Amino acid sequence: MCGIIGYIGRREAAPLLLNGLKRLEYRGYDSAGMAVLNGSMKMLKKKGSVSNLEELLNVSGTVMLGATVGIAHTRWATHGDPSDRNAHPHMNVSGDIALIHNGIIENYSALKQELMGEGYVFESDTDSEVLVHLIDRIWKNDSALGLEGAVRQALRHVEGAYGICVVSSREPDKIVVARKGSPLVIGLGDGEFFIASDAAPIVEHTNKVVYLSDGEMAVVTRDSYTVKTIENVEQQKRVTELDFSLEKIEKGGFEHFMLKEIFEQPEVMRDVMRGRVRVEEGRVHLGGIHDYLDRLKQAKRIMICACGTSWHAGLIGEYLIEEFARIPVEVDYASEFRYRNPIVSSDDVVIVISQSGETADTLAALRLAKEKGAMVMGICNVVGSTIPRETLCGMYTHAGPEVGVASTKAFTAQVIVLFMLAMALSKGRTISQEEIKLNLRELAEVPDKVAWILEQNDAIKEIAVKLKDARNALYLGRGYNFPVALEGALKLKEISYIHAEGYPAAEMKHGPIALIDEDMPVIVIATRDNTYAKILSNIEEVRSRKGRVIAIASEGDREIERLTEDVIYIPQASAAVLPLLTVIPLQLLSYHVATLRGCNVDRPRNLAKSVTVE
């Protein structure tokens, strides 16, 4: 989510670090900062763009002259609002250790309380600051450890994901780095080394890199680097020679950001669940709503307001909450909610969903709900945006920056958050502990199942060839898969400019069936659930009118093959998690149809990423 760049060599560090941060801007961020060593530690950090940091550097950068070692960071907030004090790097109390961190420290709260009990003072609201104080404490208790040993011991206390760079004026000629679940790469130069979260800020300086693996750390000096495991076992690493352009590296080697973001979903799903889903305990921990959970459980009704793809996620949330928590749910387009004079009371909970947290219609719905006395909670991806500031409580999706205008990973992240919410609302009320445990186990298996679906990318592209010249398309689903049909149709419309409609499969005969002929592709979500037999009947109705059927079906279903032109298989799963699987082939199908038609999939015409006007 964030960007890391480090340098050690013989050149001025600050300009190199600043340029590296500019190369990392594509990742999305809310603040930036750097720390360098030139006898003592010097640090600058600023909320907002890298250009804000550059202005600060131009004014006070003389203090950084002569520094040839440094680290810098662009932050995407996960704990604590975007602000100067929450920006990285973070320093220990004495100002001789600085650290930058990507990832989430799951047990930071317990560690923070422990450190505060020993007199440590925290300057920020971040989870990352815990690490620098932990390293400081360990090193003070045993000075023989050195920086490397102190970092190693500190990481043994940490639960969660991290990619870190640490420097200290006590040992000014090295950078110590480590990773677990958050990528780091070392660039090998001549008498200099670069460390980064990806190759984008490195490639203009060297094409020789070493990628760290999970559970590894490295000590980097001007002349050498050593890689070891956290357990202190030395590793021999292969040097990779890059042949990518800068633009391609920014896209992770993918042709478009949208495809990159589709393929990021297994890891994003793990990030959303990390520290929240406790499978063996049969519970979820949702810190953002923990203090309000009893009030949420007492709601007479839940109303969900959203726009576009977030509205489709809200529909799935309706199914989940009603099935498991047995609380009535209504889902409104935010743009309609405010104009229909809705009946809302203090007994209601209104959930607003927005990737950006700035969607104008959703903000208007939020404010109306508050005026009418409802409890309002938010589901949002961008920390510090307007929705989390104006709602009583809420949950972040932790999907990371989404560059492509057509939402993919933000949608699946929202659905997972709603699934976790349904489990939290159900606990102790409507379903047993064992059932919650089974549901959470199903949810925890989803990332691996999505990875399996993504392996069919080439086969899905072949199917897209048959659809690229269509003028219209119909998407059908039932139950949990009806909102997925809506989302699949929206994706095709957004990026390929082919008219498409999503319908509940049974509603086909109430109008859309009149449109079906040999030129009409019909994409049917036909998974093995309690609506399977009915879906097969709907497919027969399409076939009898010469419609071209493409099915999304459960692995091992051979019966479906005789009824369809093409089948895309997904792994078996319970109905409640199926939307997280069935949407993936529809995202890929839309992407490939659009690219085959020569469309700009990352920036489709007439659309904006965040709709901030009504």
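Just so it is clear, glycine is given a Cβ too, placed from its N, Cα and C backbone atoms.
Annotation comment: Swiss-Prot describes C2 as active site, nucleophile. DSSP gives C2 (active site, nucleophile) a coil state; it is part of no helix or strand.
Annotated active site, for Fru-6P isomerization activity per Swiss-Prot: K609, in sequence order, evidence recorded as sequence analysis.
Taken from Swiss-Prot, the feature domain 'Glutamine amidotransferase type-2' applies to 2-223, supported by sequence analysis. The average pLDDT computed for the domain 'Glutamine amidotransferase type-2' (2-223) is 92.
Per Swiss-Prot, the feature domain 'SIS 1' maps to 292-431; the stated evidence is sequence analysis.
Remark: secondary structure over the domain 'SIS 2' (463-604) totals 70 helix, 30 strand, 42 coil, with classes taken from DSSP. Residues annotated as domain 'SIS 2' in Swiss-Prot, with sequence analysis given as evidence: 463-604.
Taking DSSP states H, G and I as helix and E and B as strand, the domain 'SIS 1' (292-431) has 63 helix, 30 strand, 47 coil. Around C2 (active site, nucleophile), the same-chain residues six or more apart in sequence whose CB sits under 8 Å from its CB are R27, Y29, H73, T74, R75, W76, H88, H101, N102, S197, listed in sequence order.
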